[in-house]
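Participant: Encoded as structure tokens, here's the structure I'll be asking about.
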Amino acid sequence: MIRKAFVMQVNPDAHEEYQRRHNPIWPELEAVLKSHGAHNYAIYLDKARNLLFATVEIESEERWNAVASTDVCQRWWKYMTDVMPANPDNSPVSSELQG
């Protein structure tokens with residue numbers, strides 16, 4: 001397994017909405033993550049700094065990267081654009097952390 005860690009941001013006024021939308025995530029998104037080899041995916045909110053710290057274990061970078069091209073991921077990203085900064089393709093602005 002490959003362990004990944006990354007940070008994202010959440011809008012200061014959107015903490016509760018962000019948490020509501022993730023509790024739970026869409027079942028079809030969860031299924032896509034699992035079918036693409038993602039395990040133990042967890043996201044933690046740092047309210048004081050409006051940061052999200054995420055960890056995930058993946059089976060391969062190729063399968064993990066393929067999640068982004070799925071319809072459900074594209075819809076999820078669009079759904080989240082009003083609560084967190086997004087790139088032009090609606091993916092969340094994120095920075096990968098090095099271990």
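Each Cβ is built from the backbone N, Cα and C atoms, and glycine gets one as well.
According to Swiss-Prot:
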- TYR18, TYR41, TRP76, TRP77: substrate binding site (BINDING)
- HIS22: active site, proton donor (ACT_SITE)
Participant: To test your reading of the substrate site: which residues beyond TYR18, TYR41, TRP76, TRP77, same chain only, put their Cβ within 8 Å of the Cβ centroid of those residues?
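Facilitator: Other same-chain residues near the substrate site: ARG21, HIS22, ILE25, LEU29, TYR79, MET80, PRO92.
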Participant: Helix, strand or coil by DSSP: which one applies to TYR41 (substrate binding site)?
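Facilitator: Assignment for TYR41 (substrate binding site) reads strand.
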Participant: Does DSSP give TRP76 (substrate binding site) helix, strand or coil?
Facilitator: helix
Participant: Hey, which of the binding-site residues TYR41, TRP76 is the loneliest by Cβ count within 10 Å?
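Facilitator: If we count Cβ atoms within 10 Å for the binding-site residues TYR41, TRP76, the smallest count is at TYR41.
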Participant: Sequence gap of 6 or more, Cβ distance under 8 Å: name the residues on the same chain that satisfy this around the residue listed as 'active site, proton donor', in order along the sequence.
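Facilitator: Within the chain, the residue listed as 'active site, proton donor' has Cβ neighbours under 8 Å at ILE43.
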Participant: What does DSSP assign HIS22 (active site, proton donor), in three states?
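Facilitator: Assignment for HIS22 (active site, proton donor) reads coil.
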Participant: Just to be sure I understand the packing, how many Cβ atoms besides its own are within 10 Å of the Cβ of TRP77 (substrate binding site)?
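Facilitator: Counting Cβ neighbours of TRP77 (substrate binding site) within 10 Å gives 17.
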Participant: When a 10 Å sphere is centred on the Cβ of TYR18 (substrate binding site), how many other Cβ atoms does it contain?
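Facilitator: Counting Cβ neighbours of TYR18 (substrate binding site) within 10 Å gives 19.
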